[in-house]
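Listed in TrEMBL for this protein:
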ACT_SITE  Cys277  active site
ACT_SITE  His335  active site
ACT_SITE  Asp358  active site
BINDING   Asn398, Asp400, Glu447, Glu452  Ca(2+) binding site
DOMAIN    269-361  domain 'Transglutaminase-like'
Amino acid sequence: MAKDLVLKKCDLQLEVNGHDHHTADLCRERLVVRRGQPFRLTLHFEGRSYEASTDSLTFSAVTGPAPSVEAGTKACFPLSSAVEEGAWAAAVLNQQDGVVSLQLSTPASAPIGLYRLSLEASTGYQGSSFMLGHFTLLFNTWCPADAVYLDSEEERQEYVLTQQGFIYQGSVKYIKNTPWNFGQFEDGILDICLTLLDMNPKFLKDAWRDCSRRSSPVYLGRVVSAMVNCNDDQGVLLGRWDNNYKDGVSPMFWISSVDILRRWKSSGCQRVKYGQCWVFAAVACTVLRCLGIPTRVVTNFNSAHDQNSNLLIEYVYNKFGEIQRDKSEMIWNYHCWVESWMSRPDLQPGYEGWQALDPTPQEKSEGTYCCGPVPVRAIKEGNLSTKYDAPFVFAEVNADVVTWILQDDGSMCKSTNNSQTVGMKISTKSVGSDEREDITHIYKYPEGSPEEREAFKRANHLNKLTAKVETELAMRIRVGQSMNMGSDFDVFAYITNKTVKSHTCRLLLHARTVSYNGVLGPECGTKDLLDLSLEPLSEKSIPLRILYEKYRECLTESNLIKVRGLLVEPDTNSYLLAERDIYLENPEIKIRILGEPKQNRKLVAEASLRNPLPMPLLGCTFTMEGAGLTEEQKTVDVPDPVEAGEEAKVRVNLLPCQVGRHKLVVNFESDKLKAVKGFRNIIIGPA
């Protein structure tokens with residue numbers, strides 16, 4: 001009788017499989033592969049070799065605490081002579097003496113997660129079991145049978161593999177790119193993402209069902225959307241919008257998902273303070289890319305928060321142009337969410353592709369603070385019955401703005417608003433470059449087109465179907481030169497009389513600091529002209545001076561000032577409102593690289609910033625991070641005050657571990673100048 005097979009060792013071929021599966025950065029200690037694509041392993045037997053005629057080898061792959069064949073979380077499959085793909089299978093590639101090279105295949109619909117791989121070897125009536133090791137299975141955008149398949153290699157590189165990017169902030173008239181380190185392949189991040197899945201309430205309630213449903217990117221998208229915020233669970237981030245962040249970290253300070261996720265894990269999965277929309281979106285992007293789902297961060301400028309689902313944002317002002325906050329819904333300067341690419345077998349054909357997911361806790365969806373995934377195409381077509389949360393996302397990009405003026409007797413008078421259009425300059429980073437891509441067209445048809453009108457009909461958006469009334473007067477808020485932090489500057493109310501008769505009006509101009517979510521701060525400039533004469537067919541420009549000494553103490557880290565003009569014509573009791581959000585530009589952070597940028601060779605990064613304010617900066621710090629450039633975030637203090645016009649300067653040692661193009665992200669903080677961001681692309685060559 002033949003002796004039992006004795007397995008000496010199993011080589012999971014980390015380097016070969018990591019290269020083939022685009023997981024090399026994850027495969028340093030454990031095998032990480034993508035579903036629907038074969039991977040290799042080598043069995044080393046001692047005593048005697050494997051003989052197909054005598055020995056029977058059966059493999060077992062299981063995931064989750066209660067694996068079962070029925071749930072798809074357990075698979076048993078024999079070693080065969082023919083290579084089979086698209087199912088759990090194993091085949092011999094090569095055999096020499098006691099070494100057997102194998103190819104293992106997984107289905108493109110298998111649940112993702114951490115698997116235990118074992119081997120049952122039997123010879124005749126005798127058998128032995130061997131633990132071969134653990135491997136992590138991810139979604140596979142390179143596999144045509146996978147629900148997350150993308151047919152563009154450039155897009156696969158950008159939306160799954162790229163670890164750095166930009167998030168767009170500022171205002172619709174001044175869009176700024178904020179660099180961000182997603183770092184989905186940094187040490188420990190994959191394990192943290194798997195922990196996040198195991199902390200979700202659906203897993204804690206029914207692990208058997210939750211692990212089974214991890215085959216679906218639609219399901220995983222909803223789980224991640226809920227777990228990035230902590231409103232219903234032990235999620236990652238606590239949101240806060242009141243500018244009081246002393247017991248945590250200001251949302252504007254973050255430059256990296258890696259720092260946030262590591263803090264969450266090291267604290268025993270306690271919520272990290274604090275996040276706002278772009279931070280929630282960036283962390284969700286990191287988790288989804290890490291799990292293999294193509295994902296990008298999207299910014300919608302002039303984003304509506306429609307609380308009563310009537311597709312209207314109603315603003316109420318008093319007759320002095322002051323907003324009555326308790327009577328108003330909100331338009332955020334911008335709002336960020338993510339889009340993930342996947343098929344939608346749960347919906348009618350045609351809804352595959354980009355799906356909007358929003359992890360910022362705003363409204364509940366099926367009892368949980370999450371939003372999506374909803375097909376972007378359904379938003380464009382106005383099909384609001386489409387799962388999930390289509391009405392809320394549709395309103396974010398399409399709600400109409402109605403402005404009311406509260407009269408002395410308590411009645412309301414409707415005002416014309418020339419400047420508020422919801423859903424503008426919807427932005428994401430371009431594929432393969434640092435440029436901004438405008439994707440408004442994938443959410444909305446051109447304004448006034450027949451297709452737009454049909455979409456509004458389907459959405460029952462009656463207000464948008466009403467013809468707009470032409471006004472006799474028009475007003476816009478204009479700016480002169482670019483406005484820099486610390487400067488005094490002028491803004492202008494630009495008024496046009498389109499009629500052949502004169503008008504006498506009252507003009508109220510107000511400037512107030514504002515947070516990006518539309519919450520107003522103190523006043524920093526005002527002008528009241530009681531008898532403004534407007535000649536027939538004329539234009540008039542009225543300046544308002546805004547002084548640094550007025551806004552310096554009340555400006556939020558958003559660097560935004562809202563200028564609002566209210567033109568009142570007493571004779572006809574008519575009101576015309578115009579407003580504009582002004583972004584104050586921060587000084588540039590200059591970054592120099594000292595040394596030859598080569599793998600595993602020490603580099604020095606020098607960061608500097610010139611103080612633009614007419615007073616010293618105290619408590620200055622630079623924080624730097626970059627995937628493939630730093631093992632962890634580095635913060636360096638500037639020891640002395642930085643006088644007006646002088647430079648703050650620090651140096652940090654880098655040790656690049658990966659060849660290729662990397663982005664060093666820098667944040668500067670001080671007592672009077674906060675959340676200044678900068679970046680430098682660094683190309684690392686081989687040693």
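We number each residue from 1, going along the chain as drawn.
Positions of Cβ are set from backbone N, Cα and C atoms, glycine also.
Cβ neighbour count within 10 Å across all protein chains ranks Asp358 highest among the recorded positions Asp358, Asp400, Glu447, Glu452. Taking Cys277, His335, Asp358 as the active-site residues under consideration, the smallest Cα distance to Asn398 (Ca(2+) binding site) is found for His335. Between the listed recorded positions, namely Cys277, His335, Asn398, the fewest other CB atoms within 10 angstroms of a CB are found at Asn398.
Across the domain 'Transglutaminase-like' (269-361), DSSP assigns 18 helix, 41 strand, 34 coil.
Listed recorded positions near Asp358 (active site): Cys277 (candidates Cys277, Asp400, Glu447, Glu452; Cα-Cα distance within 10 Å).
Mean pLDDT across the domain 'Transglutaminase-like' (269-361) comes to 91 in this model. If you measure from the Cα atom of His335 (active site) to that of Glu447 (Ca(2+) binding site), you get 21 Å. Counting in whole angstrom, Asp400 (Ca(2+) binding site) lies 22 from Cys277 (active site) by their C-alpha atoms. A gap of 27 Å separates the Cα atoms of Cys277 (active site) and Glu447 (Ca(2+) binding site).
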